[in-house]
Amino acid sequence: MGCVQCKDKEAAKLTEERDGSLNQSSGYRYGTDPTPQHYPSFGVTSIPNYNNFHAAGGQGLTVFGGVNSSSHTGTLRTRGGTGVTLFVALYDYEARTEDDLSFHKGEKFQILNSSEGDWWEARSLTTGETGYIPSNYVAPVDSIQAEEWYFGKLGRKDAERQLLSFGNPRGTFLIRESETTKGAYSLSIRDWDDMKGDHVKHYKIRKLDNGGYYITTRAQFETLQQLVQHYSERAAGLCCRLVVPCHKGMPRLTDLSVKTKDVWEIPRESLQLIKRLGNGQFGEVWMGTWNGNTKVAIKTLKPGTMSPESFLEEAQIMKKLKHDKLVQLYAVVSEEPIYIVTEYMSKGSLLDFLKDGEGRALKLPNLVDMAAQVAAGMAYIERMNYIHRDLRSANILVGNGLICKIADFGLARLIEDNEYTARQGAKFPIKWTAPEAALYGRFTIKSDVWSFGILLTELVTKGRVPYPGMNNREVLEQVERGYRMPCPQDCPISLHELMIHCWKKDPEERPTFEYLQGFLEDYFTATEPQYQPGENL
């Protein structure tokens, strides 16, 4: 069954490896969305450096998940000397505009122009029609990217999150790029036993010099497809045989259409407000549609909340921030009342989710995982030299599968309301704000770290207001004198120690979000090997 070499010798144990440790937390990264996608590259110099440190430059992601320092050129590789690579649809897609093509999973395309990055001009071989298609909905025919089980540049933690989703049986699996070894892959499998219950095991797939693949040298394969076929028929030393590929969620689009990619000021008439989701100090949030067919979230701001000119300038930066733990900005209406159009998150704010929703029943592992997701998004903001300024559970949105995304980043500094700009006014979130920011207006990524520590208390207390029994003035005075919130009930000491670390008086002594992400992702697994040795491999 595709096995190139099988040697009759004692099974070799796979080397236990780790991608890193808590002291090397840079190895801990969330990958892109399950289907690799191309984001046009942009230099971080286009985003003002609000912090006093230098971050690494941004890189473009190639369309199949690799890293490239420049954006996609539009040149397609050839196959068989034909000069044309055919692509196949991985999902159904319904056209949003007259420029798009609707298509069904399995439909094949000839790509006519791929210079638009996220949107390619294509001709359907089924209908003969031409139009734009989202590039992360297709893959080359017969490539591993077209396989149901291939998830590309997906991080270890996100792989576990997807495999452990409700409804996946033991033996659900996926293959992803290795985070540590270039050219290698990782096989991740959902397993179960009496001691651990449901959990995920990871096996490294190594590449031979001649192009083959193996988990153990006893069984080598010419292709990943042959490897999957082999282990689908027998466990052969794995924790169990491969039963079914993990379900891929629909890939995220970073723009509403090919036209709004560059021209994302849209007419108010193209938006329909359908259901009010929330009402805040500065406006409302609605579930709505764009063009009558695309579900979006629409934040409407009260006139006078911020200058339209300042907002548009900030939105130029916000639009460039693209990460799967940040709520994606799609478009704006910049004339008052200002409308901000973003991706829709079905479960609403984390605060409401914890207090009144499904979040009331969540246990510590789920809560720590949600904190890790927020830290991952903030680590990206940290790398891009940006600042949130208003990080709290009310500004985190929740989607299906307990996915968390950061919203409203950067907007706080634009608010012109006197009750807010006074910083000690009634509308200012004193209880979440670092003392140097509340007293002197010194907002940096380190003041965001302080706020993250407060957000951790919201998670473990299921949405309790910080500093219970104290008003804003008392909080400012007590914190300046060195007071810090005690360990909440049922909160592990180690997690409270992390909060205290976030609340160091000297901002430079607070941890980075990169460290916080690694610590929280590994909170329950720090003593386990990164890769499984296998039993009889």
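A Cβ is built for glycine as well, from the same backbone N, Cα and C atoms used for every other residue.
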TODO: Annotation phosphotyrosine in Swiss-Prot: match it to one of Y30, Y531, please.
DONE: Y531
TODO: Out of Y185, Y214, Y483, report back the residue that Swiss-Prot marks as phosphotyrosine.
DONE: Y185
Task: Which candidate, of Y50, Y203, Y420, Swiss-Prot gives the annotation phosphotyrosine - done: Y420
TODO: Run through S21, S69 and tell me the one Swiss-Prot describes as phosphoserine.
DONE: S21
Task: Residues satisfying Cβ distance under 8 Å from N279 (ATP binding site), sequence separation of at least 6 - done: V285
Task: Other CB atoms, at most 10 A from the CB of L277 (ATP binding site) - done: 19
TODO: Please tell me which one of the recorded positions listed here (L277, G283, D390) sits closest to Y185 (phosphotyrosine), measuring Cα to Cα?
DONE: D390
Open item on the list: Give me the CA-CA distance between L277 (ATP binding site) and D390 (active site, proton acceptor), in Å, as a whole number.
Closed with: 20
Task: CB contacts for D390 (active site, proton acceptor) [other CB atoms within 10 A, all chains] - done: 22
